[in-house]
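**Q** Pasting a structure below so you can have a look.
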Amino acid sequence: MSTQPIKVLIVDDSALIRSLLTDIINSQTDMEVVGVAPDPLVAREKIKALNPDVLTLDVEMPRMDGLVFLEKLMRLRPMPVLMVSSLTEKSSFLTLRALELGAVDFVTKPKIDISRGMQEYAREITDKLRVAAKARVRQPPHVHLSVERKNTADAVLPMEHRTFSSTEKIIVIGASTGGTEALKSFLVAMPADSPGILITQHMPEAFTRTFAQRLNSLCRISVKEAEHGERILPGHAYVAPGNRHLLLARSGANYVVELSDGPPVSRHRPSVDVLFRSAANRAGRNAVGIIMTGMGDDGAAGMLEMREAGAYTFAQDEKSCVVFGMPKEAIARGGVDEVAPLGEMPRRLFGWLESQGNRAFRV
């Protein structure tokens, strides 16, 4: 019995992008473009008429903003959406907002030589469309989350950090598709005195700083884009810069950030496998590994290495994942100690830390 191809509707105000995406998608045997629309108002009618499986949506468009349309779509007719974004600071902020509103993932448009650049992205585009077609679509919460800069006692008196012994705990996290929202949910629950956290989220370099700044505005801990050589402090999370590997390193008794321009691993740079291996090598049983929603198997091998080195490891459960790919692979390879729903993970994490003799944390 033949499988029906994935039906894709392209929504983009650029005729060139619509044409290029159509050629890329129609070159695949398992998907087809059933329609195109130059703006959301036309798209609204074509969704009703064509009933597509997946939508590609430009962020910035005339007549109706892409985000306004996405918010209405997710409220009235939730469906998988793949955002198509430019590599600019403004677009990165808007794209992250789109992920908050329920988009499954995004791809970026090249800045120059669009025709050749889009062809180079062809595999990424088609892979992400396949994943989006199977992804769990989540309606965003109706309550708007206001973003206010947090104030702490640091505004009056800076915190003094002691020198840590080699038993200092460290948390390393890997995520991909659906990970921006999973990470936000997890990090918002982190207490201000949590162990240091290193994060590899598959994301282009124009987006990671904006992503870290967004998280920092929401969390009790401090969140920033990682810088080579900086000391890793409790109550801080460090996000891998796009196109650079993030590794855990040591300087005496302290953990520090190491960034590498080494080749892609598991097709990714930054790679979760690279981060997890560095944690296995340099922290061993003092590390906790967490693998979250994402397609593919990046992190599965590294998580097994962490567990074999004595680290404790968590995987996000299938029900709470947008895409149960990376966690599924890590579980299958025997690298996972505990599988947990995303909402339960902070409590279970700190319950385990306290069972190992660490002080109590207020989660």
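Using the three backbone atoms N, Cα and C, a Cβ is placed for every residue, glycine included.
Swiss-Prot lists these features:
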ACT_SITE  SER176  active site
ACT_SITE  HIS202  active site
ACT_SITE  ASP298  active site
DOMAIN    7-124  domain 'Response regulatory'
DOMAIN    164-356  domain 'CheB-type methylesterase'
MOD_RES   ASP58  4-aspartylphosphate
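Could you place the listed features in the three-dimensional structure?
**A** According to DSSP, SER176 (active site) sits in a coil region rather than a helix or strand. In this view, SER176 (active site) is surrounded by 27 other Cβ atoms within 10 Å of its Cβ, with every protein chain counted.
Within 10 Å of the C-beta of HIS202 (active site) there are 25 other C-beta atoms, taking all protein chains into account.
Counting only residues at least six positions away in the same chain, the Cβ atoms of GLY174, SER176, HIS202, VAL265, SER266, ARG267, HIS268, SER271, VAL272, ASP273, MET326 sit under 8 Å from the Cβ of ASP298 (active site).
ASP58 (4-aspartylphosphate) is surrounded by 24 other CB atoms, counting those within 10 A of its CB over all protein chains shown.
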